[in-house]
Every structure is written in C-alpha cells, then in structure tokens.
Amino acid sequence: MLGTLGLWTLLPAAAQVSPNRRTCVFFEAPGVRGSTKTLGEMVDAGPGPPKGIRCLYSHCCFGIWNLTHGRAQVEMQGCRDSDEPGCESLHCDPVPRAHPNPSSTLFTCSCGTDFCNANYSHLPPSGNQGAPGPQEPQATPGGPVWMALLLLGMFLVLLLSSIILALLQRKACRVQGGSDPEPGSGGDCSEELPELAELRFSQVIQEGGHAVVWAGRLQGEMVAIKAFPPRAVAQFRAERAVYQLLGLQHDHIVRFITAGQGGPGPLPSGPLLVLELYPKGSLCHYLTQYTSDWGSSLRMALSLAEGLAFLHEERWQDGQYKPGIAHRDLSSQNVLIREDRSCAIGDLGLALVLPGLAQPPALAPTQPRGPAAILEAGTQRYMAPELLDKTLDLQDWGTALQRADVYSLALLLWEILSRCSDLRPDHRPPPFQLAYEAELGSNPSACELWALAVEERKRPNIPSTWSCSATDPRGLRELLEDCWDADPEARLTAECVQQRLAALAYPHGASSFPESPQGCPENCLSAPASAVFPCRPQQSSCLLSVQQGPGSRSPDPVGDTVQVYVNE
C-alpha cells in the first residue's frame with residue numbers, strides 16, 4: 001500500500017527553510033498535464049527522485065492519489081496557488097473526487113504544515129472499492145497543541161499589523177489629499193471625484209455585472225457613460241488607471257474623455273467613466289446585422305490587429321512612456337465599430353500593465369498577487385487553452401498574456417471573415433455565429449470548452465471556399481492557425497498579425513483596400529487558384545490563420561445608424 005511513499009526523509013530539511021515559506025513534497029507522475037513547478041522553488045533533498053518545493057504564492061500543500069482496485073498511486077504533490085478552505089489542516093486528509101474511469105477514484109488533500117502532503121492519514125472508502133487500512137501520521141506528542149498555539153500567535157501578529165497598516169494608509173491618504181492608490185494594491189482611501197454637473201443621462205444601452213452603460217451628453221457631445229455602483233469602486237479604479245496612462249491615445253482604442261461621479265436622476269451618485277460613443281455598436285452586434293465585402297472585412301480585421309499591437313507595445317514617444325498592456329478580455333462584445341467601419345478595442349477593466357525593459361522605476365507595475373491574479377481572464381469562449389487548463393507560463397507571465405490575447409484575436413478574425421460575402425461563391429454568408437457556437441452552442445461551460453479546445457485541440461471550422469476565394473490557397477488559413485496554435489510559443493505576435501493583414505489590405509503598396517479577392521474557380525475543392533496571392537507578404541516571417549460565422553444584411557452605408565452600443 002502506498003502510504004508514506006518513503007518521503008519522510010525530507011523532513012530534516014525543513015529546519016533549513018525560512019519559517020515564512022511553506023515547503024511541500026513535490027512529485028508529478030509521467031503524463032500528468034499541467035505542471036505546478038512554477039508555483040514554487042525546487043528544493044533537492046538528495047540525489048534521489050524525492051524532491052521538495054518551497055511555495056511562492058501560498059502556505060498550502062496538496063496531494064492527489066489515484067485508487068484503482070484497492071491500489072493507491074500518487075499522481076501529483078506540490079504547492080497550491082493560493083490558500084483556500086482545507087489548507088488549515090495539519091495533516092493530509094484525502095477527499096474523494098470523480099474520475100473518468102469508473103473503476104478508479106481520485107483522492108485529493110490540502111494541508112498547511114511542512115511536508116504534510118508526504119503521505120495521507122487514510123483513504124475513505126469509495127463505492128465498492130476497498131480502501132487501504134488507516135494510517136495514522138507519525139506526530140510528535142503535543143505537536144498539534146504547539147502548532148495551534150503557533151498559528152494563533154501568527155494570526156494575532158498579522159491582525160495587529162493589518163490594523164497598523166490601515167491606520168497609516170488612512171493618514172497618508174489624508175496628507176496627500178485623497179490620492180488614488182495603485183490598482184490592485186488593496187488600498188481603500190476615499191477620494192473626491194469631480195462632480196460632472198453638465199453630464200446628462202439619456203438611455204441605458206448595456207448592463208453588466210460591474211457597471212451600467214448609458215448614452216448621454218457632456219458639454220453638447222454625445223458620450224457613453226459607464227456608471228459603477230459604490231461596491232465596484234475597485235473595478236472603476238483599475239479601468240481608469242489604464243485609460244489614464246500617458247500615451248494610450250490611439251484610433252483603435254476606445255477614447256477616454258474623463259472620470260468623475262454622478263448619477264441619473266434619483267439614483268445614488270457613483271464613480272463614472274466617460275468614453276466616446278460608437279453608434280454602430282459592438283462588433284458582435286454589427287456582424288449579426290450586416291455582411292461585409294472583402295475591403296470592409298479587411299478594414300475591421302486590420303484595425304483590430306493594429307489596436308492590439310499598440311496595446312502590447314512598450315515604447316517612448318515624444319517624451320512619454322507607454323508600457324505594454326495585456327487586454328485579457330478580447331471578445332466581439334468588447335470591440336466597437338467606428339463610423340468608418342474600423343474597430344476600436346474597449347473594456348480595459350481586466351487589462352494588466354506588463355513589466356518592460358525600458359520602464360522607468362516610478363512606473364513599474366505592481367506584481368500581480370499570485371497565479372490567481374495572473375490567470376484571471378474575461379469571457380470563457382475566447383480564453384486561450386493555457387488559461388482554460390491553467391498551464392500559462394507564470395515565469396514570463398507578461399509574454400504569456402500577450403500570446404493569450406493573440407489567440408482571442410484569431411477567434412475575432414474568424415468571426416469577421418465568416419461574414420465576408422466575397423469569401424462565398426454565392427456571396428451569401430450564413431447567419432452570424434460566435435466562435436465555437438456551432439460546436440458548443442450559445443452558452444458553453446468551462447468543461448466543454450476545455451474538452452474541445454484543450455483536449456481535442458479543435459478550432460472553429462475554416463470553409464474551403466476561403467482558400468479558393470483568395471489567390472493564395474493557404475493565406476487566410478495559415479494566418480488563423482498560426483494565431484490560435486495550441487503551443488503559445490508558436491503563435492504570432494500582434495504586430496506580426498498587423499503586418500500580415502496590411503499586406504493583404506494593400507497589395508504591392510496600393511493606397512486603398514481591394515474591393516474583392518480574386519474570384520473562386522468553379523470547383524473550389526479540387527481546383528484551388530494557383531496564382532501567387534498578391535496580398536501575401538513576400539519577405540515577412542509572420543504567419544496567419546482564421547474561421548467561420550453568421551448572416552443577414554448586406555454592408556450598411558457608412559452613414560447608417562444602428563442601435564447604440566458601447567463596451568462594458
């Protein structure tokens with residue numbers, strides 16, 4: 001029976017470990033997906049296989065065992081990414097979990113002492129399987145009492161420290177006149193936002209979990225007003241901090257006008273973001289209502305890539321520093337359509353400032369608080385595989401988040417191209433569908449997305465006519481496939497996607513968008529066009545890829561106005 005696993009030999013090393021850092025047994029069975037090595041620093045106890053790991057983000061160890069036909073085998077041991085219920089346990093007390101194999105049962109445990117995950121105290125019976133005999137952990141007499149007193153003392157010290165820090169922070173805020181703390185710093189200083197007396201609310205155009213978006217007027221200009229309730233002040237501060245970064249102005253990023261406080265009529269006053277209003281609505285709304293020709297589709301795709309490349313770029317310009325920014329919530333609801341039918345990226349509530357090489361020390365971003373903060377993301381449908389299975393590279397998290405954005409960008413490019421009439425022999429695209437809607441429906445669960453995108457490595461379907469409608473039979477397919485590759489390191493950068501789309505939009509240095517791609521041969525499946533696609537970059541190392549969507553009306557005239565939308 002697998003009990004102690006021969007790993008208690010690691011315990012003497014605990015005396016050499018910092019008392020502020022939990023040390024756990026580390027083990028991963030061959031073939032296990034999703035390594036937890038990045039959650040701590042490896043500690044070798046000797047030349048043999050047993051290893052320890054010193055936790056970086058929690059004080060909690062875990063263990064996973066697989067019980068099959070009465071035989072237990074260890075699957076994983078290591079550090080958890082955060083302290084959670086169960087971590088206060090002194091010993092590893094396994095809890096049964098479901099297993100895809102009916103003849104097997106997984107047991108997991110969490111505990112909060114050094115090397116507590118080296119063995120389990122017992123495995124409770126599951127179904128008709130026999131459980132191993134109880135094994136009492138070898139504990140020093142009086143150990144639990146001593147540990148309880150130690151934990152109580154640590155709790156009192158932390159409580160006193162928190163009270164002192166809160167008082168000092170409150171005093172500092174008063175001295176500074178209510179200055180706003182850094183986003184995510186945990187500060188709760190009250191601040192006096194300006195009252196926007198000239199702001200007029202007209203109608204609600206979108207409601208979300210953290211805010212309500214209104215159409216309104218400010219000093220005679222039509223604007224979008226993102227109104228946050230008092231409980232969502234942290235979300236307000238985080239989004240405002242990104243919009244107020246110097247050098248963030250760009251045609252394809254939603255324009256920030258001002259921030260303040262106020263409210264419509266009798267409703268309580270709260271923090272507000274005032275943004276430019278985009279009457280044509282979101283990309284999702286637009287694609288649902290209209291089809292587009294080749295030139296309009298390229299305009300939307302290229303402007304979207306330009307906006308994301310700008311967000312990701314770290315640069316100095318005119319004496320102003322702009323850090324790299326990961327969006328983390330790209331979706332067709334969070335992209336808005338401008339009057340010229342180009343795109344503007346909005347909803348920066350989850351955006352994260354990235355560490356940079358040229359960053360002034362005063363502008364260095366606050367390190368996210370552990371993996372949970374880094375892995376936080378927006379709309380599940382557009383989440384990259386490494387976010388769905390939580391294998392994102394936490395050592396180089398800035399680059400990893402940019403690669404996850406490019407995956408989301410690929411799904412948006414697929415949605416745009418799915419409504420391009422020139423990519424269909426009959427010029428009649430099907431009704432608009434979101435990415436993966438054809439495979440999983442309109443409201444897929446995280447488990448369904450994981451099974452399709454991670455386990456099966458499926459992506460939205462790319463119709464064969466897309467290859468035939470362009471003179472390069474591989475151009476669009478390559479672009480999309482290189483953006484949503486299962487290997488994050490193999491994906492294009494946003495700048496590279498921009499270059500590839502620019503070559504499609506301006507073939508041979510043309511000054512305007514092409515009206516349509518070269519026509520499709522009669523038999524698209526057997527006779528793809530063989531000519532060299534003039535839109536394909538001839539000297540770029542970048543690659544590209546795309547997929548399918550819905551339909552109804554033909555392209556709208558530029559002056560046509562549809563229901564007002566704004567990102568939230």
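A Cβ is built for glycine as well, from the same backbone N, Cα and C atoms used for every other residue.
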- Query: Disulfide partner of Cys79 per Swiss-Prot: which of Cys55, Cys60, Cys87, Cys92?
  - Reply: Cys55
- Query: Cys87, Cys92: which one closes the disulfide with Cys109 in Swiss-Prot?
  - Reply: Cys92
- Query: Residues sitting near the transmembrane segment (148-168): Cβ under 8 Å, six or more positions beyond its termini, same chain?
  - Reply: 88
- So which one is it: of the recorded positions Glu207, Asp329, which has the fewest other Cβ atoms within 10 Å? Glu207
- Message: Just to verify: the residue among Cys79, Cys92, Cys109, Ile205, Val213 with the fewest other Cβ atoms within 10 Å, which of the recorded positions is it?
- Response: Ile205
- Task: Let me know the model's mean pLDDT on the domain 'Protein kinase' (199-504).
- Result: 89
- Looking only at DSSP and grouping its letters into three states, which state does Val213 (ATP binding site) belong to? strand
- Message: Nearest of the binding-site residues to Asn66 (N-linked glycosylation site) by CA-CA distance, picking from Ile205, Glu207, Val213?
- Response: Glu207
- Could you round the CA separation between Cys109 (disulfide bond) and Gly209 (ATP binding site) to a whole angstrom and send it over? 34
